[in-house]
């Protein structure tokens, strides 16, 4: 039978397909019956066989928790496997040889730094700590100040002996402590890398603890302060036992040690002592109580110096003979700069940036000694210290004009150090003659080396590649080359092929003008004149005063290693302080231990932008 497909094709009724559909339907019905019968069979079986027993899970009771035994075994196994793996790795790490990169040997500047700091241990007065590390030194000067009847100063134990004698001159001692503090503030990372940070801070504190005894540091104002302990007067044939007539170990001193005070013109001494205390307060800023004590003392003594105008050395013959101060205006700027950094009080900045202050200090004079930084003249150091403020904080009006002047003058000083300009003569061996051929030149050259290196680091930190000398531009590397040339000369790169730092290298001075180093520690007490035989002996000193930088050669690079010729062989606190500062500034460059610390010195300085105005009063209708 045929029909027609409505889409155009034939439409057949296929009987075969129809039959197949019937068969398929019957098969499906059979499957359904089979599916229904299977659970019935299982049910019947359960009646006959009984219920199937379920397999019980096993657990482990750990006391605080119950866990599956399977999980417990898996966890323990994992931990054991991890422990075995860790042990295996540890065994490999410990047994397999490791190849460490070799630590570069310390450079000469770092080696010399260790020794130069040790000199201060040898110069300590008072009851020495057990770790002083100078075997031939002992307690000394324990009666200092105690014999002064009617005096406020009953305890002046401590501090440092100035040079080869046992006098404590507070003016150069304060300068030495300021230099040590300045070097720590700028280069604490280098001290830390050299393992000397704790040591140098202990040396500074030894000095500042003593300074706090030299005036009434707990008062709000003072009328005098100590300038000197001990005497060296041998004028007019004076034979009274004192620190210059006698030649004795400091430990054996039995003569009177007079105390000299200053109650008239003390501006230079007071301002320098303020600089020492203020700079040290930054070094010890983490010790809040001690730092606060130092700041208070610095304020009191600086104000005293401003009130009692005059040179401290004008009133005493000994001070004018040994450490004569040429003026006090440079100390006013130097001390005032440190007071500003230590306190953040803008009053100090206003004071030291007055043009008249700079004029009195000789900032515009020039002259043959302009740029010579020393225990006497602090102007070059003060100008660099204030150039730092302009470079990194740029305080602007009203300080910019005078700070720019200080900065320009600092650049001129740096130009004067370069050999191309012939401002200062040099020996044939290359030593700069900042004191124009006078004796004891090394103390001035190390100071110049420090200032040059520090200015170079300031410029580098300010992303400034150099500076101008007239129309010519010079890289900061030129300053470091100058500094290295001076320190290398002192360490042995000179015509005599000898080191002027005792204990550095194999050839160095053996007849140092120093009482303690020249007399053996042999349980024999040599009296005032009994020690003369050691003073006049031609034999080398029995004790090595390690790290002492002697006065130095003459203008012809000549050197006489004669104990009694102090112009060649005597070391000083001020000289060694400059040496330490220059050495740490140049040290560690191969190990990349960092350069200056830009921020620590500004810890107490507040923001220099104007205070914003107060908010307006609340609006009311």
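Each residue, glycine too, has its Cβ placed from N, Cα and C.
As annotated by Swiss-Prot, topological domain 'Cytoplasmic' applies to 1-70.
Per Swiss-Prot, the feature region 'Polarized targeting signal 2 (PTS2)' maps to 59-62.
Look at Swiss-Prot and you will find 92-621 tagged as topological domain 'Extracellular', backed by sequence analysis.
In the three-state DSSP assignment, the secondary structure recorded for residue 108 (N-linked glycosylation site) is helix. Summarising the annotation, Swiss-Prot assigns N-linked glycosylation site to 108 (among others).
Under the heading N-linked glycosylation site, Swiss-Prot lists 133 (among others), citing sequence analysis as support. Packing around residue 133 (N-linked glycosylation site) is summarised by its Cβ count: 13 other Cβ atoms lie within 10 angstroms of its Cβ, all protein chains included. According to its DSSP assignment, residue 133 (N-linked glycosylation site) is coil.
The active site, nucleophile annotation in Swiss-Prot covers 165 and is backed by sequence analysis. According to its DSSP assignment, residue 165 (active site, nucleophile) is coil.
Marked as N-linked glycosylation site by Swiss-Prot: 216 (among others). Taking all protein chains in view, 18 other C-beta atoms sit within 10 angstroms of the C-beta of residue 216 (N-linked glycosylation site).
In the three-state DSSP scheme, residue 324 (N-linked glycosylation site) is classed as coil. Residues or ranges marked as N-linked glycosylation site in Swiss-Prot (evidence: sequence analysis): 324 (among others).
Cβ neighbour count for residue 345 (N-linked glycosylation site): 16 (other Cβ atoms within 10 Å of its Cβ, all protein chains included). If you look up Swiss-Prot, you'll see 345 (among others) marked as N-linked glycosylation site, on the strength of sequence analysis.
Cβ neighbour count for residue 408 (N-linked glycosylation site): 14 (other Cβ atoms within 10 Å of its Cβ, all protein chains included). DSSP gives residue 408 (N-linked glycosylation site) a helix state. The annotation N-linked glycosylation site is assigned in Swiss-Prot to 408 (among others) on the grounds of sequence analysis.
Note: residue 425 (N-linked glycosylation site) has non-local neighbours 432, 433, 436, 437, 555, i.e. same-chain residues 6+ apart with C-beta under 8 A of its own C-beta. According to Swiss-Prot, the feature N-linked glycosylation site maps to 425 (among others), an assignment based on sequence analysis.
Other C-beta atoms found within 10 angstroms of the C-beta of residue 513 (active site) number 25, with every protein chain shown included. Sequence annotations record features per position, and here Swiss-Prot assigns active site to 513 (among others).
Residue 561 (active site) counts 15 other C-beta atoms within 10 Å of its own C-beta, drawing on all protein chains shown. Reduced to three states, the DSSP call for residue 561 (active site) is coil. Swiss-Prot lists 561 (among others) with the feature active site, giving sequence analysis as the kind of evidence.
Counting only same-chain residues at least 6 apart in sequence, those with a Cβ under 8 Å from the Cβ of residue 567 (N-linked glycosylation site) are 439, 440, 551. Under the heading N-linked glycosylation site, Swiss-Prot lists 567 (among others).
Same-chain residues at least 6 positions away in sequence with a Cβ under 8 Å from that of residue 570 (active site) are, in sequence order, 163, 164, 440, 512, 513, 514, 550, 551. The active site feature in Swiss-Prot is assigned to 570 (among others).
According to its DSSP assignment, residue 567 (N-linked glycosylation site) is helical. Per-residue confidence over the topological domain 'Cytoplasmic' (1-70) averages out at a pLDDT of 51. The CA atom of residue 345 (N-linked glycosylation site) is located 41 Å away from the CA atom of residue 108 (N-linked glycosylation site). Fewest Cβ neighbours within 10 Å among the glycosylation sites 108, 324: this applies to 324. Each residue contributes its Cα atom, and for residue 216 (N-linked glycosylation site) and residue 324 (N-linked glycosylation site) those atoms are 25 Å apart. Long-range neighbours of residue 165 (active site, nucleophile) (same chain, six or more residues apart, CB within less than 8 Å of its CB): 230, 232, 243, 244, 515.
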